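> Marked as active site, proton acceptor by TrEMBL: GLU345. Taken from TrEMBL, the feature active site, proton donor covers TYR433. Sequence annotations record features per position, and here TrEMBL assigns Zn(2+) binding site to HIS344, HIS348, GLU367. According to TrEMBL, the domain 'Peptidase M1 leukotriene A4 hydrolase/aminopeptidase C-terminal' annotation covers 519-663.
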Amino acid sequence: MADLQQTPTSLCCCRKALPVSGVSGAPGGRCVGDSGRPLGGPGGRRCPLVDVASTSNFSCFRLNHLHLDLRLNFAVKEMSGWLVLDLVPVQPGVQSLVLDSHPSLLIHSIDCKVPGSGQEDPMSLTYRVDPFTDYGSALNISLPEAAVGPGRLIQVTVRYTTTDGPAIWWLDSELTCGQSRPLVFTQGHSVCNRSFFPCFDTPAVKSTYTATVRVPDGVTVLMSASRSLYSKQDRVFQFSMEHPVPSYLVALVAGELQHVDVGPRSRVWAEPCLLSCAVQKLGGSVERWLGVAEELFGPYLWGRCDIVFLPPSFPIVAMENPCLTFIIASILESSEFLLIDVIHEIAHGWFGNAVTNATWEEMWLSEGLATYAQRRITTEAYGEAFTCLETAVRLDALHRQLRLLGDNNPVSKLQVKFEPGVNPSTLMNLFTYEKGFCFVSYLSQLSGDVRRFDSFLRDYISEFKFKSVVAQDLIDFFLRCFPELRDTAVTQREGLEFDRWLNGSGPPPYEPDLSGGGALTRPVQDLCELWRTGDAPDLQAVMTFDLSTWSTFQIVLFLDRMLDHSPLAHDVMLSLSGCYSSLFDGLNAEVQIRWLQMVVRNTFYPELPRVRAFLQKHTSRMYTVPLYEDLVAGVMKCVAVEIFYQTQRRLHPNLRRTLQQILFQTNQNGALPTNQNGNGPTLSVINSTPSSQPSNANGTSGAIALRDVNVSA
């Protein structure tokens with residue numbers, strides 16, 4: 001789920017410009033394989049696994065376990081302690097251990113032990129820190145030759161202190177919901193946890209972990225762990241994750257947190273002032289959703305399914321940390337969006353957490369499958385029409401982004417090959433989710449029956465649980481389970497070739513039939529047609545549509561499609577305001593932000609006070625950045641600057657820097673951003689919006705959110 005110039009703000013995505021040269025336009029390219037299993041098999045030759053986002057030599061070792069022992073110091077905003085790695089070399093002649101690290105980590109000392117060697121005292125190790133990319137560095141540790149051999153366990157201990165790295169978010173008390181105590185949380189996706197602890201920061205490597213965390217009195221600590229203990233006398237929390245997870249899923253939050261059990265295996269955590277609202281919104285739904293998911297995809301593997309609601313400074317909408325989903329409190333305003341986002345994170349319990357993409361170039365293996373699973377759950381729980389409506393909103397956004405980027409843009413590929421130095425967070429976009437969803441839907445259609453495909457997914461989880469996979473693993477397993485399709489060369493069907501799906505740019509070659517949602521989407525389309533005539537429509541005809549009875553997703557679809565037709569005539573905006581403005585005022589922020597984007601994009605001054613009021617109330621990235629981008633893109637930049645100065649003290653420093661970049665076209669050093677040749681403004685390939693058509697970067701309206709995009713400083 002990091003901070004960028006012209007990025008899909010509705011994606012709450014990394015706002016760091018994606019270099020055009022960082023994405024390979026050629027199909028195919030470097031091949032990878034699951035480092036944990038033999039290479040080869042159907043689909044051609046595979047090369048050893050390469051993760052260009054990691055500088056570590058992870059393929060030289062098997063990581064059995066990691067342990068963290070940390071003390072949290074809120075006064076100086078530091079975590080200090082040590083990390084212990086249980087490692088087994090798997091290759092002869094290994095002379096060094098290279099871990100992903102970050103310049104913000106202060107390394108104090110490194111030593112190692114060889115259990116069973118008879119030597120009690122640890123051996124001090126020499127090390128150096130080498131530059132890698134702007135999102136990390138390489139911690140190169142020399143290993144004693146006599147102690148290292150294939151199959152021989154070594155324990156490496158790194159003593160360190162964190163400072164202001166991108167994974168760790170310290171919130172002063174005034175930035176929390178209760179404004180009484182400070183709070184800290186970590187956000188590791190996708191490559192930020194190397195600033196939390198030195199590690200093999202790649203999804204290809206999984207291990208169990210334990211942690212000991214020491215905190216001041218009155219602070220509660222939670223982690224993405226299956227078990228926890230607390231010693232009140234010592235103010236020490238202990239955690240254990242019994243299943244192997246990749247480094248990015250090690251997560252921590254600490255602050256004034258309380259909980260209420262909402263099911264036999266789930267509880268809601270939040271600051272005291274938020275807790276009752278969160279519990280009321282979720283009720284017993286979590287257990288119901290888990291039950292539906294288990295019927296579809298097999299047993300839930302993680303034991304606990306807790307949820308913690310975090311203040312508006314949380315940089316994304318939600319994050320699927322195993323056993324403990326992180327979710328932004330701002331989403332509580334919209335029950336339908338809350339439902340979708342929580343179910344999506346539950347789906348990650350199977351797709352993403354249990355079975356993980358081995359490299360960030362194939363993020364769709366987690367996000368596309370989780371989106372498909374989410375929609376299977378909502379179909380079973382709420383019916384086909386609801387799911388088709390939500391899917392229509394998202395696919396509209398996908399095609400909106402394609403119109404902005406063009407069909408040949410390489411970021412629209414499912415498998416985006418990127419070069420060393422490119423931050424994987426910049427590749428989080430709607431294609432990862434929605435084009436991935438369409439490919440999985442196509443596989444389901446090929447299977448001939450959705451229930452048969454459910455069974456396939458259960459077998460897929462059983463086969464690969466707690467492993468990391470590449471796309472070829474999924475395809476090989478699919479063809480093995482459906483030999484009749486393999487025998488008819490289904491991968492080579494003209495126009496629907498699997499290689500085109502994975503390596504071709506442009507729209508999905510296939511989209512699922514959404515006619516099952518017609519009862520909900522047809523009224524939206526009919527109302528849009530009334531307003532798109534160019535003149536103010538007949539109000540009697542308009543009033544036959546009672547939006548007060550519509551769902552949030554219906555109103556969102558209506559406003560998104562009207563935004564697509566902006567700018568509108570002043571008389572049309574005047575009529576829209578008269579018909580709907582007071583209604584929208586009483587609805588949730590997902591509706592309000594879209595209406596206010598229409599106000600800004602159409603320079604409709606009578607509604608400007610509502611824009612001011614909204615930005616003075618909301619301090620989360622998902623609701624501020626889209627409006628500020630639209631204000632700056634039009635003629636209302638002075639209004640945006642004025643509001644920013646009035647509210648900046650209530651904004652997290654990272655968000656404040658983002659808005660300064662938007663408002664004043666400066667980078668984080670205060671200089672005007674330049675392109676790669678150093679001679680002009682930075683342009684992100686994620687967004688090339690004409691100035692005549694202001695858009696929040698990915699072309700989507702409002703805050704349609706990719707739930708798992710990291711935000712770094």
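Positions of Cβ are set from backbone N, Cα and C atoms, glycine also.
TrEMBL labels come from automatic prediction, so no person has curated them.
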> Round to the nearest Å and give the CA-to-CA distance linking GLU367 (Zn(2+) binding site) with TYR433 (active site, proton donor).
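Here the two Cα atoms lie 5 Å apart.
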> How many neighbouring Cβ atoms, not counting its own, are there within 10 Å of the Cβ of the residue listed as 'active site, proton acceptor'?
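The residue listed as 'active site, proton acceptor': 25 neighbouring Cβ atoms within 10 Å.
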> Calculate the distance in Å between the alpha carbons (Cα) of the residue listed as 'active site, proton donor' and HIS344 (Zn(2+) binding site), and round it to a whole number.
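Distance between the two Cα atoms comes out at 11 Å.
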> Across the domain 'Peptidase M1 leukotriene A4 hydrolase/aminopeptidase C-terminal' (519-663), what are the DSSP residue counts per state (helix, strand, coil)?
113 helix, 0 strand, 32 coil
> Can you tell me how many other Cβ atoms are located within 10 Å of the Cβ belonging to the residue listed as 'active site, proton donor'?
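Around the Cβ of the residue listed as 'active site, proton donor', 28 other Cβ atoms lie within 10 Å.
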